[in-house]
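A.B. asks: Got these off Swiss-Prot a minute ago, pasting:
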- Asp495, Asp501: Mg(2+) binding site (BINDING)
- 562-624: domain 'KH' (DOMAIN)
- 634-703: domain 'S1 motif' (DOMAIN)
Amino acid sequence: MSYPGLTIINKTITLPDGREIQIETGKLAKQADGSAVVKLGNAMILATVVSAKEAKPGVDFMPLSVDYQEKFASNGKIPGGFLKRESRLSDYEILISRLVDRAMRPLFPEDFHADTQVAITLISADADVLPDALACLAAQAAMSVSDIPFNGPVSEVRVISLNGEFIINPKPAQIEKAELELIVAASYDNVIMVEGEMSEVSEELMLNAIKVAHDAIRTQCIVLKELESAAGKTEKRTYSHEVNDWDLKKKINDAVYQQVYEVAKLGNANKNTRAEGFKAVKKAYIESLPADHTEDLTLIGKYYHDVEKDAVRNLILDERKRLDGRSLEQIRPIWSEVGYLPSAHGSAIFTRGETQSLTTVTFGTRLDEQMIDSAMFSGNNKLMLHYNFPGFSTGEVKPNRGPGRREVGHGNLAYRAIKKVMPPEIENPYTIRIVSDILESNGSSSMATVCAGTLALMDAGIKIKAPVSGIAMGLITDTKTGRWAVLSDILGDEDHLGDMDFKVTGTEKGITACQMDIKVDGLSYDILSQALQQANRGRLHILSEMKKTLATPREDLKPHAPRMIMIQIPKELIGAVIGPGGKIIQEIQKTSGATVNIEEKDNAGWVSIFSKDKTALDSALSQIKGIVTLPEVGEVYEGKVKSITAFGAFVEFLPGKDGLLHISEIKWERLDTMEGVLEVGETVKVKLVEVDKKTGKYRLSRKVLIPKPEQQATSNS
């Protein structure tokens, strides 16, 4: 097919398993600064990038926005809801947007501050291709064919470990069986971002997975550079650089560096006291200036921040001492408490230094499950973790407008850390909502959520496989001297001023989740390895502190917690439990007071019974077991007379199962009439003596349970 006036460029990336990723540019969205379509199988992603020609006055940061969205039409679906159209991004789309943002943001020039938007859209879906692993590749392809200043290329891949092998960009069915799943972002030379979940794996396995992913990304980076050359975009646009006064910068450094260093060296554990100390040095410097000085106060603030950063980093590298006086591996003081909220189904407080989480656990039924309806996925989620970060946690005034992208990301990390140790559904039929409210924050609040969430689950009586703890690691490097220091349990300032934020969660056995963002080039795998080993020691220390509060799950639920059990029944008996028009299941709920749900899954019926008291639960369970229990010849049952005829009575000996008690089987003596023998509703003990092989009808006997008259007479004599 010809495309008059268009210059279309195509490139191909071959995955290790032989599948091919196609990159096409020049056909769609040509008025954007850059656009590209990435295709794998039937999955197609359109990415566009647009950047303003000039930065807005006074902007001293990178105003980058990344939005990933899935069109429902991409998978032949119409959106739900009243409007029937795509609206605000879902949490799933926000998480993918964050993956791309975190990979690309560090690679823009430090002084490039023009508004930049990356829009990534799934326009065709494939059930065997997860689009999140292609989103960054598509965004970089669009960036490569634009003139926007960018120190790329960068790309992302998913890597899993399955049966001892690493697989790049696996199919969903493979991911479900994997013991490790990571999304890794990297340039040709450096790993930039890592995020994923694992089934209690070793640090070595995780490190090897990152290396395999990086090798696959290098192949993609080579093709992306070829794409850039083919598009003629190797030269990027010029832009207005930041205004700097290098003489002023040196003057400020000479005047205040030592004072700032001494404030940092005090090792005060209170962040507000430290902040006041740094502010006092800055204030004194400004007050020392002549009244008629012409120096820019904005530049003074910027350069003073640089001095602060250098002083704190040098303190760590020179004296192996940190802002709050700790050594490099030292963990802040920890205290925790469970059962703090008497009416919650489970609760815990976890405090580490100046970071505190109050976390609750709430039980619900299947009716409380979170409904998921997206272009790629439809279903229900029975485990939820919500993370809240109010302004007061950092002493700030901030309007409460619901969770932002940061809250969604932090909550997802904690969710992935904990879900790996949740018991199987047959042991834990509840829908569970975990809510972490951060009451104080000075670094590692997501890791505090993991610790508090674990304690709250154990307080609630959920039999998790093992308790999980989490720690945030940091890094300070000096490329000139080659010195570096890995920090355990970082403060907010150490995160801000450092070169790495590496969060690791796990049990005593191994890692369950991780999230890493690296801000420095040339980070070696040796340093990563040390960070992982140091994190392991920190995690185990935190875990030991948690166990002092609660080492294992409580034996039983709280007295006020709802009760729920799940039983499996044969698939063919689902209809028997439900009854015609739902009559039987409604009757069970009415008479017992419990809520009963039933569904077919894995070629079996799964019945969940939910109640706020044990009596109602036992009643419903007894009735359901009666329905699904297969009658056995020779067994004795206590039944109820349902109707009486001239030739006998029909007795319900199990719920929904009636048998004929013939007039000849009621007594040993001959009966000519049923009048006055039995009454409807009367309870009678019977024995199942036969099941008709042709009709399946049941024949009951009462007299076989009564001694014969001659036996009775002999006994009496």
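Every residue, even glycine, has its Cβ placed from backbone N, Cα and C.
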A.B. asks: When a 10 Å sphere is centred on the Cβ of Asp501 (Mg(2+) binding site), how many other Cβ atoms does it contain?
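C.D. replies: Summing over all protein chains shown, Asp501 (Mg(2+) binding site) has 21 other Cβ atoms within 10 Å.
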A.B. asks: Within the chain of Asp495 (Mg(2+) binding site), which residues six or more apart in sequence place their C-beta under 8 angstroms from its C-beta?
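C.D. replies: The answer is Gly443, Ala472, Gly474, Asp501.
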A.B. asks: For Asp501 (Mg(2+) binding site), just give me the three-state DSSP call.
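C.D. replies: The three-state answer is strand.
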A.B. asks: Quick one: DSSP breakdown of the domain 'KH' (562-624) into helix, strand and coil?
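C.D. replies: Counting residues per DSSP class in the domain 'KH' (562-624), I get 32 helix, 22 strand, 9 coil.
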A.B. asks: Quick one: average pLDDT across the domain 'S1 motif' (634-703), no decimals.
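C.D. replies: Mean model confidence (pLDDT) across the domain 'S1 motif' (634-703) is 88.
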